[in-house]
């Protein structure tokens, strides 16, 4: 029940009248929009591979190249510890977290489609600049443009998918974003494996091929319909109704359309959505969706493994080519895990995936830490058996992350916010996510150097904390219509003390009844 730790959700009388069927128009819109994830994923995969390529290091980071060749008198944990090198990666995420606030304005006033197109153009320009870079300044500027593209894309795409999807399959549809992210990572690792053999310009090809998903996203985006929620928010009611009928495959959309109009009426009264996020009635969305989940997603340590998988495996003695090859295995596991999550998240729910997979991740991180503590020393090459064991454990970790914190870290925040704060809330989600991504990227190699195997124990401890957070504070949102999510917090054992139980102002502007029914007539 919703009043307990989790809850099966509360659905209003009107929401039970929603009808839909899957149409080709709906499938096209979701697939094209989801390409935004491929921008994020391709960069996640390609940046770590490029920073381990000798030709790239020789041209831009010769000191690191010489250190790598000579090994010096330092532990293998410290081989790649260089703040300028990590700035190459993290500059993108600092740019993304700033640009997402501009994306919020565009998304709310011009629509989700506009932000998707802006993101594609910026990412394309950044990829061109990086591929043609002659110095570190060109690299960093290119990364900033890529970051702007990701800031706009990550702000708009999860919202687009959640708003277009029927409630009963919203989890699977929203995870198309995570799926294309994972496929982007996998393709980037395969490309890195091939371009590593092309001397001396293979790294340029890796970075330049980022233009491909950007072009696909832009061209496809030109034909995207705007979401009905956004059209209603802009006052284009007739167009919104037409699009809603097309994506739902039925003319019987009166109930859902009425909820959209009611939510929009409340949204128009909000002049400052960011300030509205801080109000008491939006406290659960702020704490869980805007701050907690996006920060915790990065504190699992997963993105650190993806950023530097080639570097980690190379430091573990696998060699340059084998390191990139090992990364393909881990990113392949991420794709498989996403399919698992897409197939079952709307059946078993969000909480079950968070908690079960979190337990697996803790065990894997402890196993990695113990193995490295016993077997990994200064200049020592890991035995083949130990190396294989580490790859297997990391793959299990990736499988757990890929069906929990990976996709759900974007899905759950995108479905928590009411329409009046949805765009602003998603901007905070992206900002917090990219801020912690950048901090982890900037600090991980230094942490690996100083904490050594202890850094994996640190991440294990953080996962214990975040699993406790989910257990006590997140209600189950599966199959609950997006404009009815606020009702869950009225029934939750903890949040009802803050938002009130039954006296919340619903999306129609009238008080909700204690049983969760809207005060308006259909």
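Keep in mind that glycine also has a Cβ here, set from the backbone N, Cα and C atoms.
So that you can see what the record holds, here are the features copied from TrEMBL:
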- 22-42: transmembrane segment (TRANSMEM)
- 29-478: domain 'Major facilitator superfamily (MFS) profile' (DOMAIN)
- 84-107: transmembrane segment (TRANSMEM)
- 114-133: transmembrane segment (TRANSMEM)
- 139-161: transmembrane segment (TRANSMEM)
- 173-191: transmembrane segment (TRANSMEM)
- 203-224: transmembrane segment (TRANSMEM)
- 286-311: transmembrane segment (TRANSMEM)
- 323-345: transmembrane segment (TRANSMEM)
- 352-374: transmembrane segment (TRANSMEM)
- 386-406: transmembrane segment (TRANSMEM)
- 427-447: transmembrane segment (TRANSMEM)
- 453-474: transmembrane segment (TRANSMEM)
_Contacting positions for the transmembrane segment (352-374) when only residues 6+ beyond its ends and CB under 8 Å are counted_ = 300-301, 341, 344-345, 386, 389-390, 393-394, 396-397, 399-401, 403-405, 408, 452-454, 456-457, 459-460, 463-464, 466-467, 470-471, 474
*Rank 139-161, 173-191, 323-345, 453-474 by Cβ pairs under 8 Å to the transmembrane segment (22-42) and hand me the top one.*
173-191
_Should anything in the same chain at least six residues away from the transmembrane segment (84-107) have a Cβ under 8 Å from its Cβ atoms, list it; otherwise answer none._
43, 47-48, 51, 60-61, 64, 114-115, 118-119, 136, 139-140, 143-148, 150-152, 154-156, 159, 230, 273-274, 307, 423-424, 426-427, 430-435, 437-439, 441-442, 444-446
*So are the transmembrane segment (114-133) and the transmembrane segment (323-345) touching or not, going by 3+ C-beta pairs under 8 A with a sequence gap of 6 or more?*
no
*Decide whether the stretches the transmembrane segment (323-345) and the transmembrane segment (427-447) have at least 3 CB pairs under 8 angstroms, with pairs required to be 6 or more apart in sequence.*
no
*Paired segments the transmembrane segment (386-406) and the transmembrane segment (139-161) in contact, 3+ CB pairs under 8 A*: no
*For the transmembrane segment (427-447), what are the same-chain contacts with Cβ under 8 Å, counting residues 6+ beyond its ends?*
80-83, 85-87, 89-90, 92-94, 96-98, 100-101, 103-104, 107, 147, 150-151, 154-155, 274, 277, 286, 289-291, 293-295, 297-299, 301, 303-304, 307-308, 311, 409, 413-414, 455, 458
